[in-house]
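Reviewing the structure listed below.
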Amino acid sequence: MTSTTRKSTATRGRGGAANTAPPRPGASRVRRSHRRWAWGFLAPVTLYLLAFYAYPLYRNVELSLREYTVRSFVQGGAPFAGLDNYRTVLTDPAFWPTLTHTVVFTAASLAFQFSIGMALALFFRQHFPLSGTLRALILVPWLLPLIVSASTWSWLLNSDSGLVNAALGVVGVDQVNWLTSPGWSLTSVIIANIWIGIPFNLVVLYSGLQAIPTEVYEASALDGATGWQRFWSITFPLLRPVSAITLLLGLIYTLKVFDIIWIMTRGGPTDSSATLATWSYRLGFGNLLPEFGPGAAVGNLLIVMALIAGLVYIRIQRRQNLR
């Protein structure tokens, strides 16, 4: 064996010994310290999620599987009912009309909120004078408490003294019973909800537009693309991820809208504007003999609908990431 071979063998031996050397005690202490700090930061969030999300969800599921009454909450002993409460809800004559109202309310709100929010975001992207001030003013409906917004729209749409009917009367349109007519009550709460949701769509979509490089638009302009062509070939495709999360959050919010409908119409008249959210509240708290189990079952159906929407969004995002 040559001297060079012996040196290389010795070097490998020393390297192998160094590689298998135990970690220094100081390094392990640092890792343990980092781990404790990580758990320290995670603990408040974990406790918050368990206390305000996991436990209420568990209690709502349990409530829907038992025959709870007011006496049961005081004395205990609610009998197990299994899926009877869900059967009661699904076979109730009010279920399908209420589900239809929920779908119409959600679809119409999302379509108009997103379309108007997109149009305003494109408008404010021009950066004209006072654009910042106007954007701040448009945020007002989003910042107001829901009870204020709903009360304002109740006043505007009042059949006798509302400003909307007064304006329609000027142009010769007869009085419309916005809140007391079965044919207009759902439209009224949809209009109010659209007004409240437009600012959220504007803020998110405007932020997404700011992330699109201006060079892309300049290149398309040099190629002779019109504004409409630039929107469909550049703006809309690049905004797809932002649009998806905007619609998902809007869907989850709109499914659970209760305040606006209850303040403006209480789901009436004759349940013409009732949704699953208002029906759940009425079953559990709006009757002399509350039906806590069926009310909780309706609430769980809303949760399932929101979860399905979230899973669809995740699946779509994964497909886009694989492309």
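Using the three backbone atoms N, Cα and C, a Cβ is placed for every residue, glycine included.
TrEMBL annotations: computationally assigned, not manually curated.
Keep in mind the model is a prediction, meaning the values are calculated, not measured.
If you look up TrEMBL, you'll see 1-21 marked as compositional bias 'Low complexity'.
The annotation domain 'ABC transmembrane type-1' is assigned in TrEMBL to 99-313.
For 1-29, the entry in TrEMBL reads region 'Disordered'.
What TrEMBL records for 37-58 (among others) is transmembrane segment.
If one looks beyond the transmembrane segment (103-124) by at least 6 residues along the same chain, the residues whose Cβ comes under 8 Å of a Cβ in the stretch are 131, 134-135, 138, 186, 189-190, 193-194, 197-202, 204-206, 208-209, 231, 235, 243, 246-247, 250-251, 254-255, 257, 275. Look at TrEMBL and you will find 103-124 (among others) tagged as transmembrane segment.
What TrEMBL lists as transmembrane segment is 136-156 (among others).
TrEMBL lists 184-206 (among others) with the feature transmembrane segment.
For 238-264 (among others), the entry in TrEMBL reads transmembrane segment.
The transmembrane segment annotation in TrEMBL covers 292-314 (among others).
Count of Cβ pairs under 8 Å against the transmembrane segment (292-314): among 37-58, 136-156, 184-206, 238-264, the largest is for 238-264.
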